[in-house]
Amino acid sequence: MSECASPRVLIFDSGVGGLSVAACVHEKLPHASIVYLADNAAFPYGEQPESVVIERCCALIAGALEHYPCDAIVVACNTASTVALPHLRAITGVPVVGVVPGLKPAAAKTLNRRIGLLATPATVRRPYIDQLIREFAADCQVERVGHPGLVQWAENLVRGVPVPQDELDSAVSGLFDAGVDTVVLGCTHYPLLLESLKRSLPGVAFWVDSGEAIARRVAWLLAQAGPFEESVRSRHTVVAALFSGNAPGGVADYMASLGLQSLTVIGNWPAGS
Ligand code: DGL
């Protein structure tokens, strides 16, 4: 990007979950523009072999950067971040930020030392979760729930389908029974379900997601890469929302409800570009 233009950030996920991160980036950096890229043709990533996630993630991001040069890349997907970051860093000089479940901030907040970790089945199984618990929450009881339904309910919500509250209640009943006071949202789709999650777990005092920490990291990286123009603000925060499958119906309105006005939404990308 040219010096003193406003900065542009590419935000990537397997679906709409990364929009929760895009909203935090926009709040922290209102002058930055965003390119949103979702590999929803391969959703959910949790059910894909690691090699497929690495290959698709690298190919799609490289292709998007050719069309839309960016100053930072956010892999706003826990599943992809666990496997794809070194490969991405090897193919681009653009700084890459990944996401990890916030067990460290959760351990700093919990008062009863009981933490719930809510993530996809693939993420809760990854050995790095054991490592994060050993490193940051060794004195806590950490209850893990890896349920396949939650990402799909978040995807459906964007299409106007309400969250099935009874099913959500039973999906997270293990956290209710354990009496956790803090829950880590270890998947970027889950902040989109927060209202319903609060109804399922009214005793939880602290909800920890990674959006704000990522936004701070992006701000720091852009400050190193600048100077950028801070006064120019476009009416459209999202320059383009690119979906490798069909663009979800109603996604532009949903994005607008998060404060993310989009200029264009393109499905079946890159073929549809
Ligand atoms: N938003 C992704 C994450 O944070 C969803 C994972 C998936 O597609 O399985 O992990």
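Cβ atoms are placed via backbone N, Cα and C, with glycine included.
Just so you know, TrEMBL annotations are computer predictions that nobody has curated.
As annotated by TrEMBL, substrate binding site applies to Asp13, Ser14, Tyr45, Gly46, Asn78, Thr79, Thr188, His189. Here TrEMBL flags Cys77, Cys187 as active site, proton donor/acceptor.
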Report, as a single number, how many Cβ atoms besides its own are within 10 Å of the Cβ of Tyr45 (substrate binding site).
27
Round to the nearest Å and give the CA-to-CA distance linking Gly46 (substrate binding site) with Cys77 (active site, proton donor/acceptor).
10
Where the record says Asp13, Ser14, Tyr45, Gly46, Asn78, Thr79, Thr188, His189 bind substrate, what is the longest distance in Å from one Cα to another among those residues?
13
Env. residues of substrate site, Cβ within 8 Å of mean position of Asp13, Ser14, Tyr45, Gly46, Asn78, Thr79, Thr188, His189 Cβ:
Gly15, Gly17, Pro44, Cys77, Ala80, Thr120, Thr123, Val151, Cys187
Should Asp13 (substrate binding site) be counted as helix, strand, or coil on the basis of DSSP?
strand
Are there residues of the same chain, six or more positions away from Asn78 (substrate binding site), whose CB falls under 8 angstroms from its CB, and which are they?
Val99, Val100, Pro101, Ala119, Thr120, Thr123, Gly186, Cys187, Thr188
Cβ atoms near Gly46 (substrate binding site) (within 10 Å, other residues, all chains):
22
Residues that sit under 8 angstroms from Thr79 (substrate binding site) by C-beta distance, when 6+ apart in the chain
Ser14, Pro44, Tyr45, Gly46, Val53, Thr120, Ala122, Thr123, Cys187
Across every protein chain in view, the count of C-beta atoms other than its own within 10 A of the C-beta of Cys187 (active site, proton donor/acceptor) is 33
Between the Cα atoms of Cys77 (active site, proton donor/acceptor) and His189 (substrate binding site), what distance do you get, rounded to the nearest Å?
9
Compile a sequence-ordered list of residues in the same chain as His189 (substrate binding site), six or more apart from it, whose Cβ lies below 8 A from its Cβ; state 'none' when nothing qualifies.
Gly15, Val16, Gly17, Ser20, Leu150, Val151, Ala154, Glu155
